[in-house]
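What TrEMBL says about this one:
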- 24-140: domain 'MTTase N-terminal' (DOMAIN)
- Cys33, Cys69, Cys103: [4Fe-4S] cluster 1 binding site (BINDING)
- 164-411: domain 'Radical SAM core' (DOMAIN)
- Cys178, Cys182, Cys185: [4Fe-4S] cluster 2 binding site (BINDING)
- 413-476: domain 'TRAM' (DOMAIN)
Amino acid sequence: MEKVIDEKQQGNSLVTTPKPENSRKLFIESYGCQMNFSDSEIVASILAKEGFNTTQNLEDADLVLVNTCSIREKAEQTVRKRLEKYNAVKRINPKMKVGVLGCMAERLKSKFLEEEKIVDLVVGPDAYKDLPNLISEVEEGRNAVNVILSKEETYGDISPVRLQSNGVTAFVSITRGCDNMCTFCVVPFTRGRERSRNPQSILEEVNDLAAKGFKEITLLGQNVDSYLWYGGGLKKDFEKATEMQKATAVNFANLLDMVAKAQPKMRIRFSTSNPQDMTLDVIEAMAKHQNICKYIHLPVQSGSDRILKKMNRLHTRQEYFELIDNIKKIIPDCAISQDMIAGFPTETEEDHQDTLSLMEYVKYDFGFMFAYSERPGTMAGRKFEDDVLEADKKRRLQEIIQLQQKHSLYRTEQQVGKTQEILIEKESKKSDQHWSGRNSQNTMVVFPKENYKIGDFVMVKITDCTSATLIGEAIGYSDNN
Ligand code: SAH
Ligand code: F3S
């Protein structure tokens with residue numbers, strides 16, 4: 001299971017409103033995390049100025065771009081399969097150019113051109129502003145590669161076009177890169193060092209979204225709690241900042257406060273939080289503003305202190321429990337979700353039992369669970385043998401998933417009988433007579449359409465549930481409309 005905006009969106013081609021003066025056709029699709037979907041919107045925005053409109057029809061495209069994910073081996077295999085499909089189309093339309101963007105581009109660099117002969121263009125996550133030049137190179141018959149990682153780039157000056165938008169929810173990226181160096185993770189290598197975006201440009205984007213009628217934004221970063229603006233530059237260079245820069249710095253709690261105040265009618269979400277960087281002031285900011293959703297995605301990866309240490313997660317099991325206790329004390333109705341990795345090198349049955357008992361303590365609302373996948377170049381890839389038997393990894397993963405399903409049901413059952421505010425996002429997948437939206441806690445809620453419409457905030461009485469979905473009936477508009 002990949003962590004995405006919508007499972008169904010993986011690999012879907014993304015479309016924008018066409019500009020009549022544009023004649024070239026861009027087919028762009030995204031795999032992997034929300035950040036990739038958000039980056040594709042930046043890319044489409046840059047290319048709209050270069051005469052490209054988006055198309056959903058691969059056969060029509062002049063340029064095909066695939067925004068790729070390297071997080072697990074399977075994610076890379078999915079992209080390789082897509083390249084085979086593009087290759088078949090390229091045989092019919094030899095003028096079509098193919099570019100690889102994102103984490104796989106960064107990881108494999110020019111090796112891509114050797115390994116996948118059909119690829120004309122390789123562009124890493126910090127080089128999208130160079131796309132117009134790179135495309136000219138390709139048009140002149142040369143291959144083009146730019147995988148330079150940046151200390152500064154946040155794309156803060158680019159107003160992204162919204163791809164495949166429901167007009168209600170949008171992503172706003174606030175940090176890029178990650179400095180945490182979890183030993184299993186390829187992200188610090190593919191997305192570079194951590195830097196934060198100017199809060200002013202974040203506010204402008206949020207205000208612009210509100211003016212366009214959007215009702216909910218998700219602030220995105222690999223590690224949002226680590227957000228720190230002190231005039232630009234890398235997070236790791238903050239120590240070298242001037243006294244003035246230090247005194248006027250904006251941290252994540254400050255940013256949440258600013259955004260929540262600027263648009264009190266908008267729902268604010270954020271993802272992802274790292275337990276070692278989440279501070280009490282963030283939880284307090286959430287409690288203070290009713291428009292900040294009561295939901296924290298708080299990956300833990302393992303419940304064993306020994307494994308947490310080997311993963312370079314800089315907190316213990318006990319510290320994690322203390323954080324959970326604080327969250328529940330300050331925001332009793334806060335939902336919490338996890339990411340978990342089964343079968344990290346040297347994981348024993350006892351370590352695995354520690355993971356299950358940690359889950360028992362927290363009883364997460366939902367989770368994203370993975371079998372460990374060794375990534376070349378990471379510390380774990382270089383130093384630790386991938387020694388947990390495949391069968392054990394799979395079984396442990398299954399046990400984690402089953403326990404999570406039990407806890408998810410426990411959490412959704414607690415909601416039955418309550419009346420909650422839901423923001424309508426789309427038609428239910430299962431029935432054209434029902435709307436689907438989320439409550440503040442991020443659980444999907446489905447209810448009969450009546451006369452409500454997409455983008456309405458509606459009070460819904462919850463009457464039934466599954467482990468993943470709440471079912472209810474609207475009883476009227478909420479005060480927020
Ligand atoms: N901070 C990031 C984490 C990105 S990776 C964020 O914004 O979500 C998402 C999840 O993928 C991680 O939390 C971890 O559970 C999983 N993951 C990362 N590397 C992995 C690997 N090598 N094998 C298996 N799962 C991995
Ligand atoms: Fe990866 Fe750890 Fe950063 S999971 S994205 S290195 S917080």
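Cβ atoms here come from the backbone N, Cα and C positions, even for glycine.
TrEMBL entries are annotated by machine, without manual review.
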### Message
What whole-number Å value do you get for the CA-CA distance of Cys182 ([4Fe-4S] cluster 2 binding site) and Cys103 ([4Fe-4S] cluster 1 binding site)?
### Response
17
### Summary
Close to ligand 2, in the sense of Cβ under 6 Å, among Cys69, Cys103, Cys185 as binding-site residues, are Cys185
### Task
For ligand 1, pick out the binding-site residues Cys69, Cys103, Cys182 that have a CB under 6 angstroms away from one of its atoms.
none
### Counts of helix, strand and coil residues, the domain 'MTTase N-terminal' (24-140), according to DSSP
61 helix, 25 strand, 31 coil
#### Entry: Residue among the binding-site residues Cys103, Cys182 whose Cβ has the most other Cβ atoms within 10 Å
Cys103
## Note on the structure
Cys103 ([4Fe-4S] cluster 1 binding site) to Cys185 ([4Fe-4S] cluster 2 binding site), Cα to Cα, whole Å, comes out at 12
### Query
Hey, for the [4Fe-4S] cluster 1 site built from Cys33, Cys69, Cys103, who else sits with CB inside 8 A of the CB center?
Tyr31, Gly32, Met35, Asn36, Asn67, Thr68, Ser70, Ile71, Ala75, Gly102, Val187, Thr190
### Query
Quick one: DSSP breakdown of the domain 'TRAM' (413-476) into helix, strand and coil?
3 helix, 36 strand, 25 coil
#### Entry: [4Fe-4S] cluster 2 site shell beyond Cys178, Cys182, Cys185, criterion: Cβ within 8 Å of Cβ centroid
Asn180, Met181, Phe184, Val186, Val187, Pro188, Gln222
### Query
Just the number: how many Å between the Cα atoms of Cys178 ([4Fe-4S] cluster 2 binding site) and Cys33 ([4Fe-4S] cluster 1 binding site)?
14
### Message
Suppose we draw a 10 Å sphere around the Cβ of Cys33 ([4Fe-4S] cluster 1 binding site). How many other Cβ atoms does it contain, all chains included?
### Response
23
### Query
When you measure from the Cβ of Cys185 ([4Fe-4S] cluster 2 binding site), which residues in the chain that are at least 6 apart have a Cβ under 8 Å away?
Ile71, Cys178, Arg375, Thr378
### Mean predicted confidence [pLDDT] for the domain 'TRAM' (413-476)
97
